[in-house]
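Taken from TrEMBL, the feature FMN binding site covers 12-17, 59-62, 97-106, E132. Per TrEMBL, the feature FAD binding site maps to R350, R382, A383, F384, S385, G416, L417, C418, S419, W627. The annotation NADP(+) binding site is assigned in TrEMBL to T460, S546, R547, K552, V553, Y554, V555, Q556, D589. According to TrEMBL, the feature domain 'Flavodoxin-like' maps to 6-150. Annotated domain 'FAD-binding FR-type' per TrEMBL: 206-447, in sequence order. Feature annotation from TrEMBL assigns signal peptide to 1-17.
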Amino acid sequence: MPSLRLLVLFGSQTGTAQDVAERLGREARRRRLACRVQDLDSYAVADLIREPLVIFVCATAGQGEPPDNMRNFWRFIFRKNLLATSLCQLDFAVLGLGDSSYAKFNFVAKKLHRRLLQLGGSALLPACLGDEQHELGPDAAIDPWLVALWEKVLGLYPVPAELTEIPRGVPLPSTFTLQLFQDVPNTVPQELTVSSLDPHQPPSESQPFLAPMVTNERVTGPSHFQDVRLIEFDITGSGISFVAGDVVLIQPSNSATHAQQFCQVLGLDPDQWFTLQPREPGVSSPPGLPQPCSVWHLVTQYLDIASVPRRSFFELLACLSPHELEREKLLELSSTTGQEALCEYCSRPRRTILEVLCDFPHSAGAIPADYLLDLIPRIRPRAFSIASSLLTHPNRLQILMAVVQYQTRLREPRRGLCSSWLASLNPGQGSVQVPLWVRPGSLAFPESPDTPVIMVGPGTGVAPFRAAIQERVAQGKTGECRDPRLGGPEACSWDPSWLCPAGVHPTLPGNFLFFGCRWRDQDFYWEAEWQELEKRGCLTLITAFSREQDQKVYVQHRLQELGPLVWELLDRRGACFYLAGNAKFMPADVTEALTSLFQQHGGLSSPDAAAYLDRLQRTLRFQVETWA
């Protein structure tokens, strides 16, 4: 191997950026370049000053935030005391993954590229901006960019002529080998229990808490199209603490039916035990996989056989296939020219890994066990907004979850792995435990009791705001806004008569919740709870029931109707504005409604209204948490 060692660093939220980074690693090794691939936060960032060549692969999460596994790196690289010559020895390239339907498309990649230039780094190429919205996905941008990248890299660091490139159809060595036991090992890993947790460490991905499920209740009407659950967990003795805005991560499992089918198609014995041995030094065992481990545990708890396979899956399966016709088709689906066919076969209908393996039975039955962890990604935890406060529900944690199920052209409905698994659990029929842990979310609520908050949460987006309202009410944070008819220095200029038609409230609460759903009697989550808080003078609730009149009404329409109130709260009362929910259309519609009312009721020009909103974002008085 030549002396150059290429470093690929990734920041990945859903696994796509990691998959691309690992593709880069494979392509480097095929070109006889030594290569190390790791996530950004596991890398000692101070060593960057000694690296000659680094490829950064990073996704943009949420509304322009870096992924969780690169946040420490992100804070370090933007330190103001770093010298402008810090990275003058570094050749680099940045590959970004984003979604152009978001306002801050590939924001992280663009900003990182600029920062590395500011610190003296030399860019091999302009940043690659992969787009999930492209009909062929991010690869439409990635494929030509990689061709140019390898030309640049091999031009700067040529490989000795005797080291020829490893052809595409030849499999690279597996990352691990599986050492099989003849019988059940004498020492079997202890099942995770409350007593086995380290009391000095809070629960985490490597050490989740097995939380007993207390209730699993459907909260949508029987005729409603969507099954939404309010699920409560008992976290007594876990050491878990959280505040409004935090999220809980839940580690789901594959169904027993799917696991049995997978073992049958691949010819695996579910009762077989094994240990993993890395082929190269410095490679650690996969997190969350015990040693020794059973095949059943590997398939049910670790391998994401219900996910839609990426292009790399077809590439490796083609290398391993002994069947000529299946191999030919797999090679086509993994090629640059076969991306439209791959999209039509797999991405559009959301065909799963298990279903693909059933379609290619000769190839599936020939997969060496050593390659399972290279072929199939691990099951990733799913994040849910916490929908309760410990001040109201001690030792309890609640989530509001929509069960994901939809139809494509395939016969079987598509189902979300985690939501379907959770929905299937019935604590009324015996003990049910769910592995979970908590981390900070992207919403932070004001500490001052006098600061009003405006919360816009249609559908299940209301979940974090229930936690916030419970917390603020328990702490006495009502941020009261006086009725102008009473006068006084705190009087507001808007007319709340439609909110208080009888004129009986001398003040209005400073907790304003805009909630939207389809039907009052089908999906009005926590209706009774909101009404009780209104009676107590702790909440002002504004609703939008979109299907209860001829013309649909959404939360953005209610914001526009209450333009004078919203402007008053933001401009004179220093209110904070929060938005949570589906990322597809709602955030853009709400943002447009806000800039419109800034112009209409604040007298701002269009550029000034946009600048005003930007200033609210920069000062954390406008915060957003959305999901796809």
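Heads up, the Cβ atoms here are built off N, Cα and C, so glycines get one too.
Recorded features from TrEMBL, shown on the structure.
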residue: S12; record: FMN binding site; Cβ within 10 Å: 23
residue: G15; record: FMN binding site; Cβ within 10 Å: 16
residue: A59; record: FMN binding site; Cβ within 10 Å: 29
residue: D99; record: FMN binding site; Cβ within 10 Å: 18
residue: R350; record: FAD binding site; Cβ within 10 Å: 15
residue: A383; record: FAD binding site; Cβ within 10 Å: 16
residue: L417; record: FAD binding site; Cβ within 10 Å: 21
residue: V553; record: NADP(+) binding site; Cβ within 10 Å: 16
residue: V555; record: NADP(+) binding site; Cβ within 10 Å: 26
residue: D589; record: NADP(+) binding site; Cβ within 10 Å: 15
Whole-number Å distance between the CA of D99 (FMN binding site) and the CA of A383 (FAD binding site)?
19
Cα separation, Y102 (FMN binding site) to V555 (NADP(+) binding site) (Å, whole number):
19
Work out how many Å separate S385 (FAD binding site) and T460 (NADP(+) binding site) at their Cα atoms, rounded off.
9
Across the domain 'Flavodoxin-like' (6-150), average pLDDT on the 0 to 100 scale:
92
How far apart, in angstrom, are the most distant Cα atoms among the FAD-binding residues R350, R382, A383, F384, S385, G416, L417, C418, S419, W627?
26
Nearest to V553 (NADP(+) binding site) by Cα distance: which of the binding-site residues G62, A383, S419 is it?
G62
Nearest recorded site to G62 (FMN binding site) by CA-CA distance, among binding-site residues R350, A383, L417, S419, T460:
A383
Determine the minimum-neighbour residue: among S419, T460, listed as binding-site residues, which Cβ has the fewest other Cβ atoms within 10 angstroms?
S419
How big is the Cα-to-Cα gap, in Å, between L417 (FAD binding site) and T460 (NADP(+) binding site)?
18
Show which residues of the chain containing F105 (FMN binding site), separated from it by at least 6 in sequence, have their CB under 8 Å from its CB.
T60, G98, D99, L129, D131
